[in-house]
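Novice: Found this in Swiss-Prot, in case it helps:
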- 1-20: signal peptide (SIGNAL)
- Cys67-Cys73: disulfide bond (DISULFID)
- Ser76: phosphoserine (MOD_RES)
- Cys96-Cys106: disulfide bond (DISULFID)
- Asn167: N-linked glycosylation site (CARBOHYD)
Amino acid sequence: MNSLSTIAFSLGLLLVTATAFPTPGPLGEDFKDDTTSDRLLLTSPDKTEALIKYILGKISAMRKEMCEKYDKCENSKEALAENNLNLPKMAEKDGCFQSGFNQETCLMRITTGLLEYQIYLDYLQNEYEGDKGSIEAVQISIKALAQILRQKVKNPDEVTTPDPTTNASLMNNLQSQNDDWMRNTKIILILRSLENFLQFSLRAVRIK
């Protein structure tokens with residue numbers, strides 16, 4: 001799938017999800033203009049899984065590209081561990097692990113985490129030197145996934161959106177020490193962290 005068709009697919013997906021669900025409250029600026037109509041089958045577990053797998057596939061391709069182009073592979077693990085970018089992660093209290101699984105708590109954490117990742121994807125959009133269409137496709141699809149999962153939460157108004165001031169501070173932190181090595185290290189760390197977060201999310205939506 002080329003860049004243009006990838007973006008077109010993702011834009012279509014976001015349009016479908018935005019018009020398919022009633023929005024009880026704001027979910028960030030991107031969802032304020034949602035319209036109300038009948039729910040689509042996109043909320044079914046298999047459709048949600050398919051979307052997560054699609055995003056994971058795009059991330060895997062970008063990681064492979066970084067590995068081949070900049071030699072940023074598993075040998076970067078130690079260096080990456082030293083870079084604290086405050087990336088969203090799953091913890092025991094989030095209720096997403098099989099032991100102590102709590103669907104409501106977990107869905108809330110996944111949805112919030114996906115919204116928190118948007119600022120990191122903004123950074124990738126600016127700094128990633130590979131296929132820009134892949135980054136845009138991931139960002140659009142993450143927004144669509146957050147919208148889908150929000151409809152599964154019993155109290156969607158309680159889903160918190162990132163504070164603009166916090167996001168601005170995060171972006172400043174990301175853009176600091178932005179020489180080629182650090183930039184590429186940050187990119188691979190963000191991709192790896194998002195991949196792990198989505199893999200936890202995939203397992204969580206499968207738990208009945």
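The backbone N, Cα and C atoms fix where each Cβ goes, glycine too.
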Novice: Validating a neighbour-count step here. Other CB atoms within 10 A of the CB of Cys96 (disulfide bond): how many?
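Specialist: Its Cβ shell of radius 10 Å holds 25 other Cβ atoms.
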Novice: Ranking the disulfide-bonded residues Cys67, Cys106 by other Cβ atoms within 10 Å, which is at the bottom?
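Specialist: Ranked by other Cβ atoms within 10 Å, the disulfide-bonded residues Cys67, Cys106 bottom out at Cys67.
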Novice: Relative to the Cβ of Asn167 (N-linked glycosylation site), which residues of the same chain, six or more apart in sequence, are found under 8 Å away?
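Specialist: Counting only residues 6 or more apart in sequence, the Cβ neighbours of Asn167 (N-linked glycosylation site) under 8 Å are Ile119.
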Novice: Between Cys67 (disulfide bond) and Cys96 (disulfide bond), what C-alpha distance do you get in Å?
Specialist: 30
